[in-house]
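Have a look at the structure below before the remarks.
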Ligand code: PMP
């Protein structure tokens, strides 16, 4: 019997039952019967469930676990730091892990980003980025510049300002309309990553920025890959044009690299595909190699200086667990491991293997498109999948894949063994083949 098809045992069942008694899961109902799978341990690119089944991980725990689970050097970074101190407040105190990590980020992110603000999660990093943009214009006494221009199909997190710039149709706007600030939206980039560039692709964006620039503090977008809003890959020229138009119309550019950062798209940061620098940039997720929650918002000297010369004279934010030393230590080690590793070759191999092995899906009647960029493979179906049913099929096939809506997608850890990558893709194709409209 394949280890992935072992019958559940009582520990597994007890945990699931107790979980259902007490816990909310992401975007879930407390009385949801959706399947749940307790994890006992995880190693490399494999998740070991409490009932003994072993799954090949296709998700990197939502983009984060690039070096695989239970990595000895990341474990060591964490234990060495915990022996010194786990946390100190960041008001009035500092420490080596934060300083070294900030230095690494400034040295490796696009030119011009010079100052780092640490926070707890991606959504909060986006809140901080928006606050920076608003304070920037306040300090220049241009208070009419208080709105944001975002892209349809964008996703930037679940807190309120972040929600206000998520796609207005598929996001959560209608539920929170009375609280969310109305923002401006441009069409989702109408050009694929490899598509030959035509200038009319930027027309709608140009029109929005031309019309609204007097009230716009900033443009916010996910560079090159729109993630949770539709796994849309778009042309680097689009991003170049956005940068040019932001300069022309005096709007700041916020790049949300929370999903795309740290090599996932084939460049260290997705902005590098276009050779542009944003004024403000958010990173999170893979920052700590998926070990703990930590995010950062970087900005240029121009932005930082203006904020500090403004009425408030300080940036108005300061989370309790800002720059947590455990998180910074493991993040620094993760960043160092990444640039010391052959990550470009690994991501190129992920891309080549996924392109080849996911291709059979493209000819299935119920599949709209198959696309691959860097370490991201997407099978877009014509209709949304029934998650509860499909999820169990993936687990029975021995792979961990978590579809949403019409999208079945994988972004495996960079260190996945080739045999596991092949098995992951082949099993994905056979599960997708068995999904009927
Ligand atoms: N921005 C982007 C592009 C994201 O993909 C996400 C998370 N999926 C966020 C922001 C929010 O990050 P977090 O879940 O850590 O709050």
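The backbone N, Cα and C atoms fix where each Cβ goes, and this holds for glycine too.
Remember, TrEMBL labels are computer predictions, not curated facts.
Substrate is bound by 62, 155, 318, 402 in TrEMBL, and the record lists one more residue there from 96, 285, 355, which is 285.
Within the set of binding-site residues 122, 319, 320, the entry lying nearest in space to residue 285 (substrate binding site) is 122 (CA atoms).
Distance from the CA of residue 402 (substrate binding site) to the CA of residue 319 (pyridoxal 5'-phosphate binding site) is 31 Å.
Per Cα geometry, 155 is the residue among the binding-site residues 62, 155, 318, 402 nearest to residue 256 (pyridoxal 5'-phosphate binding site).
Proximity to ligand 1 (Cβ under 6 Å from any of its atoms) holds for none of the binding-site residues 318, 319, 320, 402. When the binding-site residues 123, 320 are scored by other C-beta atoms within 10 Å, 123 scores highest. Residue 402 (substrate binding site) and residue 320 (pyridoxal 5'-phosphate binding site) are 32 Å apart (CA-CA, integer value).
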